[in-house]
Amino acid sequence: MRSRSPTTSATRLVDAKKKYTLAAFFLCVSLVSFTVQTELAAYIQHELGWNKAYCMLYLTHSSWIFLWPLQLAFLRLRARDRPWAQFWRRHVWLVRTTAQMVQRQELDPPRGHAAASPWAYLARTTAFVTASLTVAGLSWYLAVSMTTPSDLTAIYNCSAFFAYAFSVPLLKERLRADKSFAVAVAIVGVLVVAYGDGKEHTPPAGDGAAAKVLSGSSRLWGNLIIGAGSVLYGLYEVLYKRLACPPEGTSAGRGVVFANTFGSLIGGFTFLVLWIPLPVLHVLGWETFEPPTGQTAWLLFISVVMNMVFSGSFLVLISLTSPVLSSVAALLTIFIVAVVDWFRTGQPLSAAALLGGLLIIAAFGMLSWSTWREMAEDERRRRQVDLSGDDEDGDDSDKGDD
């Protein structure tokens, strides 16, 4: 008789522990890098006057192209005793087979003639996902001069709700009362931060670009645009998980490597294609192209690097966990940026900011606990399947003895 359950369950437990340890690490990295990026971007636009929304979007997203080379250098450093040719073949094989797993959504990549090249699929997926991300990001910059900072913060960060809404049909995620409640609490926390004390705040901007808001009669249109952007950003997170992440059960190491590789593809597509609007905006006079100089250039460079670090960490976080957990985790930056502003400016947190921040933290805790419970339930179901398989093997063995 075979006994598969103990070994299989123990292996899955180790893999799950490694996955969520890495997820916790990349969550911390993403929170710190996003906070630094947001503060620098706000200073560049408000204090230094370099207010070039699309150019900043282009630079920040293009910087993702360096994720894969930096990752390759890190991996090479860890395997420096291995010959380069062997290391390179292993890395290409890993990326290629993971891409095949992503395309087929199967844990066992095909072999031989059945192993079709995944590069055409990756090219199409990169263009599609990058378009969703860019349109969602642009909605922020379009609405930023049409509506209020409070509306901008509240509506854009409802993307956590839309990420959950899209996860149910696209990722076949079960609709759970505890998850729905946690997402609702997170959105209430955002609303409290945005509207709780009746004052207008400059929010942390989408993709790290805070901008000056001019309220007026166009507020309704601005809210509609940022509402569409919130929907699209939630869709982008789910599409990335559905189309560009390996299936559940993939090792954490594969997930991390492929997430950064796909991030580089997004950066490459942005760099090679999305420069086209820059001269158009310049000719039309909507955004005059002026290269940054001096202090502005240095601070912009650091902000772009921080965006690259945040984005790479966030892609890894979605790959290892879920779009919903990652989206709610990103809301923690609202409270963290407010705390940093408190220390930087000396202006204490308002009661609304404190209460809203605590609600967001509580929502993240509830969602994390719900995710852990769901994972434990899945593991129990797998054990039952393994045990039923053992029972069938035992019955067959008994029949053979007879």
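Glycine is no exception: its Cβ is also placed from the backbone N, Cα and C atoms.
Marked as transmembrane segment by TrEMBL: 20-44 (among others).
As annotated by TrEMBL, transmembrane segment applies to 56-75 (among others).
Within its own chain, the transmembrane segment (121-142) has Cβ neighbours under 8 Å at 53-54, 57, 61, 99, 102-103, 152, 156, 205-207, 209, 211, 222, 225-226, 228-230, 232-233, 235-236, 239-240, 243-244, 262, 265-266, 268-270, 274, counting only residues six or more beyond its boundaries. According to TrEMBL, the transmembrane segment annotation covers 121-142 (among others).
Positions annotated as transmembrane segment by TrEMBL: 154-171 (among others).
Long-range contacts of the transmembrane segment (180-198) within the same chain, counting only residues at least 6 positions beyond its ends with a Cβ under 8 Å from a Cβ of the stretch, are 149-151, 153-154, 157-158, 160-161, 164, 324, 328, 331, 334-335, 338, 350-353, 355-360, 362-364, 366-367, 370. Residues annotated as transmembrane segment in TrEMBL: 180-198 (among others).
Positions annotated as transmembrane segment by TrEMBL: 218-236 (among others). Residues 129, 132-133, 135-140, 142-148, 151-152, 155-166, 206, 323, 327 of the same chain lie 6 or more positions beyond the ends of the transmembrane segment (218-236) yet place their CB under 8 Å from a CB of it.
Feature annotation from TrEMBL assigns transmembrane segment to 257-278 (among others).
Annotation source TrEMBL lists transmembrane segment at 298-317 (among others). Long-range contacts of the transmembrane segment (298-317) within the same chain: residues 22-23, 26-27, 29-30, 33-34, 36-37, 40-41, 43-44, 48, 50, 56, 59-61, 63-64, 66-67, 207-208, 240, 255-256, 259-260, 262-263, 267, 292, 325-326, 329-330, each at least 6 residues beyond the stretch ends and with a Cβ under 8 Å from a Cβ of the stretch.
As annotated by TrEMBL, transmembrane segment applies to 324-343 (among others).
Taken from TrEMBL, the feature transmembrane segment applies to 349-372 (among others). With a threshold of 8 Å between CB atoms, the same-chain residues lying at least 6 positions outside the transmembrane segment (349-372) that come near it are 176, 178-179, 181-183, 185-186, 188-197, 199, 321-322, 324-325, 328-329, 331-332, 334-335, 338-339, 342.
Here TrEMBL flags 379-402 as region 'Disordered'.
If you look up TrEMBL, you'll see 388-402 marked as compositional bias 'Acidic residues'.
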>> Quick test of the contact rule: Cβ under 8 Å, at least six residues beyond the ends. What residues does that give for the transmembrane segment (257-278)?
In response: 54-55, 58, 61-71, 75, 94-95, 98-99, 102, 122, 126-127, 129-130, 133-134, 240, 244-246, 289, 308, 311-312, 315-316, 318-319
>> Do any residues, 6 or more residues outside the transmembrane segment (154-171), come within under 8 Å Cβ-to-Cβ of it, and if so which ones?
In response: 140, 179-180, 183-184, 186-187, 190-191, 194-195, 206, 223, 226-227, 229-231, 233-235, 237-239, 241-242, 322-324, 326-328, 330-331, 334
